[in-house]
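Trainee: Quick one: this structure, given as structure tokens, is what I'll be asking you about.
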Amino acid sequence: MSIKENINKLRFEIPEGVDLLAVSKTKPIEDLEEAYQAGIRDFGENKVQELLSKEEEFHKDVRWHLIGKLQTNKVKYLVDKVYLIHSLSSLKLLKEVERVFRNADKIANTLIQINIGREESKSGILEEELFDLINEVEKCNHVFVKGIMVIIPKGNDEDNRKYFRRTKKIFDDLKQKDYKNIKMEILSMGMTHDFKVAIEEGSTLVRVGQGVFGERDYNI
Ligand SMILES: *Cc1c(COP(=O)(O)O)cnc(C)c1O
């Protein structure tokens, strides 16, 4: 199927109220153009350098989402380029985002990435670290938290559902609270192979790469 056909199929499968983020990492700009022509305006990249070079040469009305691990020394490049950082994943990173965006007199929109499966190999904060991070967010003036992002461990539908449900519970609990600089609106969970279950469990934004652009040559 073509990229356009993939997108039309996804539009049919994804209900109203859930946003589709097209994850274009490793894909050439011609592929992004095909998605753009099919109406996609939200693109996700996992590397700062790749996001920047695509941002420079592509349509200016595109919203760029950073979904990969963000190193503190790269934060400065994202000012005025990134629409949403999905991977706010440590106190150290939070402080650097605040510092950089303060110097630029801008606001960074972010999601807190939670390592819901407690995997060594994945970034994201652990659930018990959440309140320390929130405490620090409340002290910020240039960071705004709009929700939560998770990458769940590889597993079957039943396991996936468990992780999604647990994340939704955290999301809902935070939504009830009145923290400064935090408003829970976006729950970024679900990828090509598990987005349907994620949506059933309350996702508001699915990050779909291979389901839009076809298989990647290498998996990163
Ligand atoms: C690559 C990636 C995706 C998309 O994965 P697919 O399996 O291609 O849909 C989603 N989220 C993150 C954080 C990714 O790195």
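Cβ atoms here come from the backbone N, Cα and C positions, even for glycine.
Just lifted these from TrEMBL, have a look:
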type    : residues : note
DOMAIN  : 2-216    : domain 'Alanine racemase N-terminal'
MOD_RES : LYS25    : N6-(pyridoxal phosphate)lysine
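Help me picture where these features are in the structure shown.
Mentor: For the recorded site, LYS25 (N6-(pyridoxal phosphate)lysine), the DSSP three-state label reads coil.
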Trainee: For a quick check of packing: other C-beta atoms within 10 Å of the C-beta of LYS25 (N6-(pyridoxal phosphate)lysine), how many?
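Mentor: I get 18 for this one.
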